[in-house]
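Here Swiss-Prot flags C134, C137, C185, C188 as Zn(2+) 1 binding site, drawing on sequence analysis. Among the features that Swiss-Prot reports, Zn(2+) 2 binding site is placed at C151, C154, C171, C174, with the record citing sequence analysis. The domain 'J' annotation in Swiss-Prot covers 5-69, and the record cites sequence analysis as its basis. Swiss-Prot lists 121-197 with the feature zinc finger.
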Amino acid sequence: MPIKDYYQILGVSKDATAEEIKKAYRRLAKEYHPDISADENASEKFKEINEAYHILSDEERRKEYDRILKSGDEKSYRDFMEYIQDFLESIWQGMRRSPKPKKGGDVRLKLELTLEEAAFGCEKDIEYERWIDCPTCEGKGYVGKMEKVTCHACEGTGRRVSGIFSFPRPCSVCKGRGFIIKNQCPACSGRGRVAMHSLLRVNVPPGTDEGDVLKVPGKGHTGERGGEAGDLYLRVSLKPHPIFKKVGKDLYMEAFISFPLAVLGGTTKIKTLEGSYQEVFLQPGTECGSTKRLQGLGYPIAGGRGDLIITFRIEVPKNVNSNIRALIEKLAKELGEEGIEYQSGVITKILSLLKL
């Protein structure tokens, strides 16, 4: 590897002071900055100028380089360059004439659904904030023809020296461009993007479950410099249901039946998740707390549907008139209950037997 003459690249003598080296670097970096210079080889020259300054601006690196330059030892020079390669790689980044397009950021939101909406699918309107290209300047950051002035922070070099190693980094003021746009767009303050309140209708597929993430491509933040937009991610959260409790793909519910139906048996109608009614036959002597499983009426999940498990509760009348009281007293006698003279106590006991 031939030894480069970094003093010659910067146009300074080998005994130049640190201030002279810095001054030469700023002048050349400004002249050959890829965003300013019309020279077709500006990027390579700018890269070489930064490499030279990186080595000569540090006292220890300059001392080692001077030793190698004096001896002409190309092997030592190659080892020296490999040693500082990590530093140089960070300099080469971002020195292209046209920065790469940058994909927009993703937007992540919580989507609350009822059990019915998630089970059978629906359409939901989503409101959220996202960054889009400024409609005033069409994402350029300026209106009309660009008017630019030299960045005062880096003096047009696009780089600023910072850190204990005097390492040149992209200027944070001008973002490494070496200039500042004078006629910035007033609508976006030169950013080229503005926040917009968006309204989007999304399709929720049937069988959506708690924790599922729905992806809407291209509905995140708009990209920069022509980059593609980010995506919108919606994490599903199921609202508590007043009737059904979901456990996996099964649904659980409680159904209240009358005392005569529990004793005599018969059919009752159960409202399903769809909103339709399903007839259920009860055997005579159905006890409070007994369950019945209806296959295929649970929650729809990919590959099948769960079951509906019903727990029956016996509904006890709260307002007992004289006719009902007489019937219960007669029932108590038939069942062999003692202490009929304590009518209130017996009635209370019978009613308590019907409860949980």
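Yeah, the Cβs are placed from backbone N, Cα and C, and that goes for glycine too.
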Could you round the CA separation between C188 (Zn(2+) 1 binding site) and C154 (Zn(2+) 2 binding site) to a whole angstrom and send it over?
24
Spatially closest candidate among C151, C154, C171, C174, the listed binding-site residues, to C134 (Zn(2+) 1 binding site) (Cα to Cα)
C174
CB within-chain contacts under 8 A for C137 (Zn(2+) 1 binding site), separation at least 6
V143, C185, A187, C188, G192
Distant-in-sequence Cβ neighbours of C174 (Zn(2+) 2 binding site), under 8 Å, six or more positions away
C151, A153, C154, G158, I180
Among the binding-site residues C134, C154, which residue has its Cβ surrounded by the fewest other Cβ atoms within 10 Å?
C134
So what sits near C171 (Zn(2+) 2 binding site) in its own chain, CB-to-CB under 8 Å and at least six residues off in sequence?
C151, A153, C154, T157, G158, R159, R160, R177, G178
For the zinc finger (121-197), the number of residues DSSP places in helix, strand and coil
0 helix, 33 strand, 44 coil
